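Each remark here refers to the structure printed beneath this line.
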Amino acid sequence: MKTKILKVLRNSDKYISGQSICDELGISRTAVWKYMNQLKEDGYGIEATQNKGYNITKYPDVLTEVELGSLFETAFFGNKIYFYDEIDSTNNEAKKKAEDGAKQGTLVIAECQNGGRGRRGKKWISPSGSGIWMSFVLKPTIHPYGASMITLVAALSVVSALKNIKGLECNIKWPNDIVANGKKICGILTEMSSELDAVNYVIIGIGININSTEFDEEISDIASSVFLETGLTIKRSQVVADFAKYFEKYYSIFMQTQDLRGLIDEYNGLLVNVGKEVKINNINSQFIGNAIGINDKGELLVKKQDGSVEKVIAGEVSVRGLYGYV
Ligand code: BTN
């Protein structure tokens with residue numbers, strides 16, 4: 001009910017009478033008053049004026065179930081939201097929930113992670129107040145081979161969600177780093193449980209540096225945040241809500257064909273690798289070439305010096321001029 005009240009307040013231009021809230025939500029005046037007090041305790045600024053009603057004047061920068069629930073306009077994303085002040089890793093928690101039967105769309109989000117994980121076994125530093133650390137559960141009926149493409153769908157959705165922030169121009173470094181001014185501001189960790197021919201669940205874990213000003217020594221040269229790039233302090237919950245909206249849109253396009261043919265142009269348009277010299281470092285091949293873009297499977301097409309085109313499925317791809325590869 002608190003979520004519904006916050007949504008009503010958010011969506012009304014200015015004052016809304018206590019009676020309208022009662023009528024709309026079918027609760028008593030006393031209940032409305034009680035929830036308003038709770039919202040004030042949560043950090044929302046709420047003015048109550050006689051004969052006019054309630055008006056919301058301030059929103060705290062929080063990522064709670066109530067805050068996100070009041071912003072989401074989604075069909076399935078965040079149908080269940082679990083917020084934690086502190087947790088080891090939202091990916092671990094989302095995995096547990098998926099194993100316990102959580103539905104597609106279940107979202108786990110935390111203010112702080114004390115065991116945040118990055119790709120290739122790296123840690124992901126996730127302090128309070130500085131970013132968006134979230135993971136969600138998907139249960140797609142697709143071949144396990146297709147699951148890695150969802151990471152690219154998520155990357156596209158993050159860029160779209162950040163598009164509205166003034167002065168911030170984001171691009172994608174294949175397959176799923178989000179970069180601004182050549183520095184990484186977001187990483188995505190996709191994990192999957194599957195049989196040989198069917199996916200049980202996919203966990204998409206996203207870390208976006210929003211207000212971060214300090215990073216671990218080893219990444220301090222290559223990492224940045226929305227604040228460092230723009231000087232702006234933004235509400236993290238709005239970014240999550242925008243992400244949710246775009247993810248649903250792009251995910252449904254992806255699921256129609258179970259490949260990236262409907263998103264390829266948009267993705268390639270954002271790819272920093274395109275036309276650049278890249279260094280591929282795979283288990284079985286190392287070479288330098290020129291990146292062309294992705295194909296509809298999400299593989300990176302790289303033109304080698306002998307003119308042949310190689311499809312890169314996975315592995316470390318360094319882009320000349322980015323992250324120190326000069
Ligand atoms: C990367 O190395 O680029 C991927 C980083 C992914 C970090 C996010 S933060 C939320 C989720 N929980 C984790 O432990 N990791 C992911």
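Every residue, even glycine, has its Cβ placed from backbone N, Cα and C.
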Requested in this report: Could you check which of 18-37, 158-177, 258-277 is flagged in TrEMBL as DNA-binding region?
Outcome: 18-37
Report task. Could you tell me which of these binding-site residues, ARG117, ARG119, LYS184, has the fewest other Cβ atoms within 10 Å of its Cβ? Result -> ARG119
**Report entry** Tertiary contacts of the DNA-binding region (18-37), as residues 6+ beyond its ends and Cβ separation under 8 Å
**Finding:** 1-2, 4-5, 8, 46, 48, 53-54
**Report entry** Close-lying binding-site residues around ligand 1 among ARG117, GLY118, ARG119, LYS184, where CB distance stays under 6 Å
**Finding:** ARG117, GLY118, ARG119
Requested in this report: Look at each of the binding-site residues, SER89, THR90, GLN113, and point out the one with the fewest other Cβ atoms around it within 10 Å.
Outcome: SER89
